[in-house]
Every structure is written in structure tokens, then in C-alpha cells.
Ligand SMILES: NC(=O)C1=CN([C@@H]2O[C@H](COP(=O)(O)OP(=O)(O)OC[C@H]3O[C@@H](n4cnc5c(N)ncnc54)[C@H](OP(=O)(O)O)[C@@H]3O)[C@@H](O)[C@H]2O)[C@@H](O)CC1
Ligand SMILES: Nc1ncnc2c1ncn2[C@@H]1O[C@H](COP(=O)(O)OP(=O)(O)O)[C@@H](O)[C@H]1O
Ligand SMILES: [K+]
């Protein structure tokens, strides 16, 4: 499990560690680790020149100390500094340590310095940064050659340390070297793409309490996935009711039911009108039909809540009963239109960005667009979680799973899926996997994040490096789970 802690908690931890250490020791550790990484990257690239972009805070201090180590090791080291000058010491002392100081307001000098850079150290802003870069720093970035390897100190400057707000004016790094623990910026969808490879340097930091953001890794699967024992039967493993599909979106029913049986559900009870029922009967002979006793419900894939006719109305009645029940529930796609008040039972909502925008707009009365959601995904997912008491799984390249704030639970952020998974029906498959896990008794947070992991890995295994259809993702789930359990 990867764990990230909010900047204020990291600062508090830093302060408590620093109290027992000689002054400057923590920064010295950070800078030594940073210099080692830069040295390795210079060696890999056969490079001789390193240039730091140095801001006015301690992030710039880390960069400067690392540059001094690199100068000592024989590399040509320069630091571009802003109008506030060097953050620590004075220009002469850094030049005495072998670091050439470049006036950042002299664009020609900046261009000349950066033109030769093999490695660029981005020490403009760290956890003290607000999203966005000052104009001067943006002009520095214009001079960074495409061939240079960019190492960001702690986080890519200009990106939101909290990972809540995306910006296109921040640094996009090849690698980010962070200290002690990861921060939300490194794992959350609004900012993770700017981080590049994440390298963690141990500086002896210990943050108290649980993380703010987590990411399950492959080694977490065995601890969470429900593995049946000799005493189990199909009922004890969990029966999943699936209210999905209609005369318009017939395939969603097949995909959700297929994914559930491929994920090892005890039994599926399918509820839907005649056409999808016929298809499910043919494609998923394991499913039984009509409402009955279940351990959890999936409501919504391919569900058209506006459909007319007695069959559609009967399906909608079951959907509403499921939502009003005290059973664990997953609501996806068309079913999201039925979400109104709070539910006390475990609830997982699985919108994509467009559906989340509609949901936030309806619940808050604000006019929120898909673009707004993409720019601040965590914030909007949390709004819906707090309004409904449900856990919100926001689908996308990175899948966010956000419990209500008052739960005290961390956010999970899963980055397991290849872009090939962006294909129609993939969300229906996810509902079947996550529904199976809810029926087996997992919490919405565990069910959602574990399903996202397995879904993403299954998409890759179904056809590594190439296109994949949703049905193939579902069919790849059994072998994927077995492989993950064997680790
Ligand atoms: N604590 C420790 O022991 C250790 C800390 N370590 C290192 O320290 C880093 C944190 O350092 P830090 O607190 O000095 O903040 P940092 O991000 O360098 O500068 C922020 C300053 O910039 C400014 N500013 C902010 N946003 C801006 C913007 N958009 N545009 C323009 N200006 C902006 C703002 O000033 P203001 O404008 O508010 O006056 C603020 O004061 C951390 O990431 C890690 O690298 C490591 O050495 C390990 C040990
Ligand atoms: N760029 C991407 N990279 C990886 N996975 C993606 C990407 N875009 C979407 N996905 C995943 O594909 C699935 C799409 O679901 P959804 O939008 O509900 O499709 P549908 O409604 O057609 O089933 C989600 O699990 C989502 O996380
Ligand atoms: K930085």
C-alpha cells in the first residue's frame, strides 16, 4: 500500500523530528538523497551539467544543497534564482561551494545556463506552494531543453500539494524526489500526471495517524479478496442482485452479470425487461432471474429510468426497493438519477466525470460541468459523498474512491488501468466486480478500490499493450485474481 499524508501533517511531523536533531539536519538528509538521485540520472545519461531552478523557500534550499554536492562531485552546477535571491546563505558562499548563481531576471543568462543542462532540478516550490507558477518561473521553464531530464524536488512546482486542483502552468517532471512520505499531489488524478517517476527518500520522518490518501498495490489483494473456504456455499459467498439493462442498453446487463460470475460471486439474481433477460439467459446461464433474497444490489448499468411500459416500470420498482433497502448497494449510470437522500447501509456510487457533474449539480443546485469535475475531481466527489453519506468511486484514467469526510477514512486512488480500458461497457464490468465484493461483505471503500485494481489489471492481461473490449476484461478477471492471489 502506498500512503500519502497532507502537507500540514508532514510539516508537523518534520517539526517534531527536527526538535531532536541538530539545526539543518533534515534538509541536509533531503539534499543528500536528492543529490544521489541526480547523480545517478547524470551518470545514466552520460551528462556533466546540472541546473537548478531555485525558489525562495526551503524547496529551493534543498535544490541548492544538492547542487553543492553535485559540484563537489565534479559536475558543472548552476542555480537560477529569482528576485528574492538565494533562499539560504548568500550568493558568494554558494559560489564558493562551486554553484554558479544565475540571475533569473536575465532571460539571456537563463537561456545560456539551461541550454547545456542534462539534468534540471526543479526547486521552485514545494509543499508551501499554491497552485500555479509565478510569471518569472514560467519564463525559466520556457528555456528548459526537451532533452533535459527534469527532477522535481518534493513535488512538481506549481502543482497543488493537496492534489485537489489541476493546473497546466505547473512543472511536468520526469521524476519527483520526495522526502519521508508521499503527499496527496503524488497520487491524486488532478496532479499525478505531472509527477513522473516517484522516488521516496527516507529522512527519518514518522507521521502519526492514518494516511489521507492510499493506493492499493498488488500485494494488498490477497488480504482483501474474499477467498471461499470449505464451509462456504453459494449463499455464504454472497448473492448479488443486478438491476441493469433495458430495451435500449441491453448489453450492460450481460456485461455486469458476466463480470459478477467471473469474479466469483455466489449467485447472481438478474432483474430486467424481456430483451436483456433473454440475452442474460443465453450469455450467463449461471444467473437466476427475478428478485429474491440477496446480500447486495447493483442498480443502474444501462438502466433507463424514463422508459415506459409495464416491464420497465416493474424493473424500476425493484431498483427503488433496492435503494430503499438496508442492504449494501452499488449505484451506477442510469441508476444515479434515483439517488436522492442519505442511506445508512453501505453504498457505493460509481459515476464517470459527466455523471458526477450531473449529480453534484442536482444535489447542490450549482451548475457544475464535466470540465469542472476534471479540474477538481476530489472536491466534487467529496461533495457528493458528504451529501449522500455514500462512498463515491469516480471513474477515469485514475479511479478515485472517496468516502464521506465524517467517516475518517482515507481516499483511495488507483492507477492500474491501461488507457485501452476507456471503452464502452468497461464501467458495466466494473459494477459486476465491485458488486460481487459488496455481496461478499467488503466495505464500499475496499470493494471499490479493489475492484478498480482488478479491473485495470484484467484489462492489461486481456491483451497487453493493445485494444481490449469490455467483455474480454470480464473474461480476464478469474485468471487475474488467481495471479494476484498467488503473489
Ligand atoms: N520542513 C523541513 O524540515 C523540511 C522541508 N523540506 C523542503 O521544504 C519545502 C517546503 O519549504 P517551504 O515551507 O519554505 O515552502 P516552499 O514550497 O519552498 O516555498 C513556498 C514559498 O513560496 C511562496 N509561494 C507559494 N506559492 C507561490 C506561488 N504560486 N507563486 C509564487 N510564490 C509562491 C510563498 O511565499 P509568499 O508568496 O506566501 O510570501 C511560500 O513561502 C518542502 O517541499 C521540502 O522541499 C525538506 O528540506 C525536508 C525538511
Ligand atoms: N484513460 C483511461 N485510462 C484507463 N482507464 C480508463 C480511462 N478512461 C476510462 N477508464 C476506465 O474505463 C471505465 C469506463 O467506464 P464508463 O465510463 O462507465 O463506461 P461505460 O458506461 O461505457 O461502461 C472505467 O472503469 C474507467 O475508470
Ligand atoms: K519543486
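Any Cβ shown, glycine's included, is placed from N, Cα and C.
In this view, residue 252 ((6S)-NADPHX binding site) is surrounded by 29 other Cβ atoms within 10 Å of its Cβ, with every protein chain counted. DSSP classifies residue 252 ((6S)-NADPHX binding site) as helix under the three-state reduction. Under the heading (6S)-NADPHX binding site, TrEMBL lists 252, 302, 352, 428.
Long-range neighbours of residue 397 (AMP binding site) (same chain, six or more residues apart, CB within less than 8 Å of its CB): 189, 415, 417, 419, 422. DSSP assigns residue 397 (AMP binding site) to coil, not to a helix or a strand. What TrEMBL lists as AMP binding site is 395, 396, 397, 398, 399, 427.
If you look up TrEMBL, you'll see 10-211 marked as domain 'YjeF N-terminal'.
The annotation domain 'YjeF C-terminal' is assigned in TrEMBL to 217-484.
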Of the binding-site residues listed here (252, 302, 352, 428), which is spatially closest to residue 396 (AMP binding site) when Cα positions are compared?
352
Inter-residue C-alpha distance, residue 252 ((6S)-NADPHX binding site) and residue 427 (AMP binding site) (nearest angstrom)
9
Going by Cα-Cα distance, which of the binding-site residues (302, 352, 428) sits nearest to residue 399 (AMP binding site)?
352
Whole-number mean of pLDDT values that fall within the domain 'YjeF N-terminal' (10-211):
97
Under a three-state reduction of DSSP output, how is residue 302 ((6S)-NADPHX binding site) classified: helix, strand, or coil?
coil
Apart from 252, 302, 352, 428, which residues in this chain have a Cβ no more than 8 Å from the mean position of the Cβ atoms of those residues at the (6S)-NADPHX site?
244, 249, 255, 256, 300, 301, 332, 333, 334, 425, 427, 431
Binding-site residues near ligand 2 among 252, 302, 398, 399, 428 (Cβ under 6 Å):
399, 428
